[in-house]
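In what follows, a single structure is set out as structure tokens and then discussed.
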Amino acid sequence: MNDLTLPISDAGSLLDGEPIAEAAPAARRTRQARVAWGDHVVTVGGDAPVRVQSMTNTDTVQVIETAIQVKELALAGSELVRITVNTPEAAAAVPHIREQLDRMNINVPLVGDFHYNGHRLLTEYPACAEALSKYRINPGNVGRGEKGDRQFAQMVEVACKYDKPVRIGVNWGSLDQELLKSLMDANAKRSKPWELKQIMYEALVRSAIESAQAARDVGLDPNQILLSCKMSAVQDLISVYRGLSKRTDYALHLGLTEAGMGAKGTVASAAALSVLLQEGIGDTIRVSLTPQPGEARTQEVVVALEILQSLGLRHFNPSVTACPGCGRTTSTVFQDLTKQIDDFLRSQMPVWRDRFPGVEGMKVAVMGCIVNGPGESKHADIGISLPGTGEAPSAPVYIDGERVLTLRGDNIAGEFRAIVEQYIERRYGAVTAAH
Ligand code: SF4
């Protein structure tokens, strides 16, 4: 095997090579859709930030329960919330859910998820059509042949009438079987047939693009069309979205469908979405986590925010850099402090976001011992380096790279929280005062 390691330059010519390029997400170049409720407009695509969305798992007919979950998702950071609209009763409930939200001052736009009977529900329940800010149509579930085309057109006509954007959401689990069959037939006639997977990818991408064209033919503004082609395997999703983004400039809704539960769902979603977002693919994301028993639905929003923040695409919460701990931190003091600080910052953010603009970009370091503690703490805006087991019971605190004081005793956590709060007031409160 060749040794690819480049020789290190001699002293005196230390920087004579090429600098190492800084990694950054590629620019996105899509059209921009406007999803609005009243004066509140959420732009998706183009130069808008990558948006976070989520979906309720309540029975839409249960108006109060659904409105409360929408509120929780919105407060957690979801900028759009989708609800199932599957029956006449659900369609009738939608305007009441909207009213409840308006009463609670929650202006998050609602997206209606339609399958099979969307054409009837949207035409027979105009108040539902108006209360929703966007419709999701699955071209695989609108009906077959000419009837399917007619029913699809019916839904798009409603979108045009009320000026609502539409997501054409293709899903591998409910792919248009006629299209798949015609591609299989065409493949059988090729001298060098494609792999089955490539036919599958082609069917998904074609279904989305052809449906978008059909929506435009009905009169829908192309800027008001979003596309998605969801798959449940990471490499399949990456393949399909790469293909999709090469062939269209519609805004793309990105998500791994049926991601699963817990660590599996979180990691699979992060893996798939990160690759694509880094390539500039994806204008709005949803993390489709199956909640673990007792887990809040908002966990999917927490994961979505973390993905965007980890990639440096957006900042929602101050970031806490913490070492993993090791044999030098055998007590739980370090873990407790890290959790307390993290919980404290997250719980305060709904208030701080308005009071202290810019605080979401703050970096806090909570480190276990002197090995990396002082170094990481100096790089953060504010940091603390705890005493490792067996070290002197003192914890130096660093602010803006300078060691400013050392905490001792058994209330290090409380005192550090107070210092963080004072720092935020001083640094970010000044921004508010200047405005
Ligand atoms: S900073 Fe110290 S406690 Fe934390 S992982 Fe490194 S050596 Fe272990």
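We number each residue from 1, going along the chain as drawn.
From the backbone N, Cα and C atoms, a Cβ is placed for every residue, glycine too.
The structure displayed is predicted, hence computed values, not measured ones.
Copied from TrEMBL, the annotated features are:
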type: BINDING; residues: C323, C326, C369, E376; note: [4Fe-4S] cluster binding site
type: DOMAIN; residues: 42-304; note: domain 'IspG TIM-barrel'
type: DOMAIN; residues: 320-421; note: domain 'IspG C-terminal'
Apart from the site residues C323, C326, C369, E376, the 8 Å Cβ neighbourhood of the [4Fe-4S] cluster centroid comprises P324, G325, R328, T329, M367, G368, V371, N372, G373, G388
Reduced to three DSSP states, the domain 'IspG C-terminal' (320-421) has 43 helix, 25 strand, 34 coil
Least Cβ-packed of the binding-site residues C326, C369 (other Cβ atoms within 10 Å) is C326
The mean pLDDT across the domain 'IspG TIM-barrel' (42-304) is 96
In chain order, residues whose C-beta lies under 8 angstroms from the C-beta of C323 ([4Fe-4S] cluster binding site), counting only those at least six residues away in the same chain, are M367, G368, C369, N372, G373, E376
